[in-house]
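J.: For 1-238, the entry in Swiss-Prot reads region 'Thiamine-phosphate synthase'. What Swiss-Prot records for Gln43, Ile44, Arg45, Glu46, Lys47, Asn75, Ser114, Lys146 is 4-amino-2-methyl-5-(diphosphooxymethyl)pyrimidine binding site. The Mg(2+) binding site annotation in Swiss-Prot covers Asp76, Asp95, and the record cites similarity to another entry as its basis. The region 'Hydroxyethylthiazole kinase' annotation in Swiss-Prot covers 239-540. Per Swiss-Prot, the feature 5-(2-hydroxyethyl)-4-methylthiazole binding site maps to Met290, Ala462; the stated evidence is similarity to another entry. The ATP binding site annotation in Swiss-Prot covers Lys365, Thr415. For Cys465, the entry in Swiss-Prot reads active site, proton acceptor, with the evidence type similarity to another entry.
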Amino acid sequence: MVFTKEEVDYSLYLVTDSTMLPPGTTLCSQVEAGLKNGVTLVQIREKDIETKNFVAEALEVQKICKKYNVPLIINDRIDVAMAIDADGVHVGQDDMPIPMVRKLLGPSKILGWSVGKPSEVETLAKWGPDMVDYIGVGTLFPTSTKKNPKKSPMGPQGAIAILDALEEFKATWCRTVGIGGLHPDNIQRVLCQCVASNGKRSLDGISLVSDIMAAPDACAATKRLRGLLDATRYQFVECELNNTFPTTTSIQNVISQVSNNRPLVQHITNKVHQNFGANVTLALGSSPIMSEIESEVSELARIPNASLLLNTGSVAPIEMLKAAINAYNEVNRPITFDPVGYSATETRLCLNNTLLTYGQFACIKGNCSEILSLAKLNNHKMKGVDSSSGKTNIDTLVRATQIVAFQYRTVAVCTGEFDCVADGTFGGEYKLSSGTEGITAEDLPCVIIEDGPIPIMGDITASGCSLGSTIASFIGGLDSTGKLFDAVVGAVLLYKSAGKLASTRCQGSGSFHVELIDALYQLFHENKPEKWSASLKKFK
């Protein structure tokens, strides 16, 4: 059967591996189970097999693919593909050059190419639409199916760079499939986050091996994968993701929910912050726990209204941090991420980027320098972990906040004299191929919170970190009717107002510590946002 390029469905792309078959199954039985339940494209990948056996295997799989009207792709072996008249070939960067492959295959066959750099996209764009039909974008995450991986995992941000390059070089014809380390626990996050910066394209599909080939019940495994692709919504927290402009009434409702639910806030944070953060959390009607014990994170995450504040001011063991992120993501409990000193040192940059790649965060909160660096709008490396926005204007800070919110599908907070809060969750919605249909970072809803200068805030330790405690308390206390954006905005508004109130009462930096906790307690328990001193307005 001949498939036209336009009608190929890349959404669920199965790559075979005969070395991981469960007992009682065959390669053909696993492939057919996948095809029965939603696989849309099959690639035979065999690295250690005699040509005669490869051809025989390919012919058997081809019969099954024809039965389900699904294209068959051969990995690397152009001779095998031509011998059985397969529907196409997939090659890597070190395989036969693309122009030569196309010359051998002819114009009608599907030709795929593994791509991991924007420069490779530039090359395929120069070749034009007659060469590469689709690219495998990756490797996204670590994977055991590559015995000697030559590329480091790129994560969703690397995939975004590839999608941006396709748009920049106008390779509109080229389809994309995410490859490498994709499993049910990260597929929806990848589909949600991997959107070009101009909002005009997203991944066309995902490629998997072990989740079908190694599954004892490949039918059920494929149904689950198909369901994730078709869901079009990633509900990564148990509250509402739809945003409207916060009002005093909606913020009152948030505080009432926090007060009623008394969330448990697990702090993984720096030692300087721990005591002050615990007292701030208590002042907000919440229960703090300072725990960096890997073996208990799953239990803590499952406590009703649990919330995690992950602050990288002190570098905890990376495996413990990953375990915590995974535990909270697994049960859809919110994580507030504070990438302290994001790019201050290579160690911090590597740690923060690793964690950003590993999980989904309900809120990413940082000072001006951190958010500018995250958005790649900072021209210099941070000096230490303190904020140093200098003369950066409010338009640039808003833009940076919106970029972070857009790229990480989160509510982003940029702190300073003016606090910016942007919602990039898109209600958790995602679409294959079409991205956000042209909606970009600068289109995201963003609010500005200000209360004049409060210089004494910078004269105490952990004032910025404790805003993280406040946000984590508010979003952890939401029930299913609460709105994430309202909670984050309400937390920032309360904290700013409490800071101003405390600054009028204190005698110096020592008493400011105490007055800030008292002010937070007072404003939270009074629950009268209409009387708070900080102002809230939409940006433009």
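Numbering starts at 1 and runs along the chain as it is shown here.
Cβ atoms here come from the backbone N, Cα and C positions, even for glycine.
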J.: Ranking the binding-site residues Ile44, Met290, Ala462 by other Cβ atoms within 10 Å, which is at the bottom?
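T.: Output over binding-site residues Ile44, Met290, Ala462: least Cβ neighbours within 10 Å is Met290.
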J.: Return one of helix, strand or coil for Ala462 (5-(2-hydroxyethyl)-4-methylthiazole binding site), based on DSSP.
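T.: The three-state answer is coil.
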J.: Including all protein chains displayed, how many Cβ atoms other than that of Arg45 (4-amino-2-methyl-5-(diphosphooxymethyl)pyrimidine binding site) lie within 10 Å of its Cβ?
T.: 17
J.: Which of these binding-site residues is closest to Gln43 (4-amino-2-methyl-5-(diphosphooxymethyl)pyrimidine binding site) if you go by CA atoms: Asp76, Asp95, Met290, Thr415, Ala462?
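T.: Closest by Cα distance to Gln43 (4-amino-2-methyl-5-(diphosphooxymethyl)pyrimidine binding site) among the binding-site residues Asp76, Asp95, Met290, Thr415, Ala462: Asp76.
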J.: What recorded positions in the list Ile44, Glu46, Met290, Lys365, Cys465 lie within 10 angstroms of Asp95 (Mg(2+) binding site), counting C-alpha atoms?
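T.: Close recorded positions: none.
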J.: Based on Cα distances to Cys465 (active site, proton acceptor), point out the closest of the binding-site residues Ile44, Glu46, Ser114, Met290, Thr415.
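T.: Closest by Cα: Thr415.
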J.: Quick check for you: of the binding-site residues Asp76, Lys365, Thr415, Ala462, which have their Cα within 10 Å of the Cα of Arg45 (4-amino-2-methyl-5-(diphosphooxymethyl)pyrimidine binding site)?
T.: Asp76
J.: Using Cα coordinates, what distance in whole Å links Met290 (5-(2-hydroxyethyl)-4-methylthiazole binding site) and Lys365 (ATP binding site)?
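T.: Taking the Cα atoms only, Met290 (5-(2-hydroxyethyl)-4-methylthiazole binding site) lies 19 Å from Lys365 (ATP binding site).
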J.: Can you tell me how far the Cα of Ile44 (4-amino-2-methyl-5-(diphosphooxymethyl)pyrimidine binding site) sits from the Cα of Ala462 (5-(2-hydroxyethyl)-4-methylthiazole binding site), in Å?
T.: 55
J.: Below 8 Å Cβ to Cβ and six or more residues apart, same chain only. Which residues does that give for Asn75 (4-amino-2-methyl-5-(diphosphooxymethyl)pyrimidine binding site)?
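T.: Correct list: Val15, Gln43, Ile44, Arg45, Glu46, Val89, His90, Val91.
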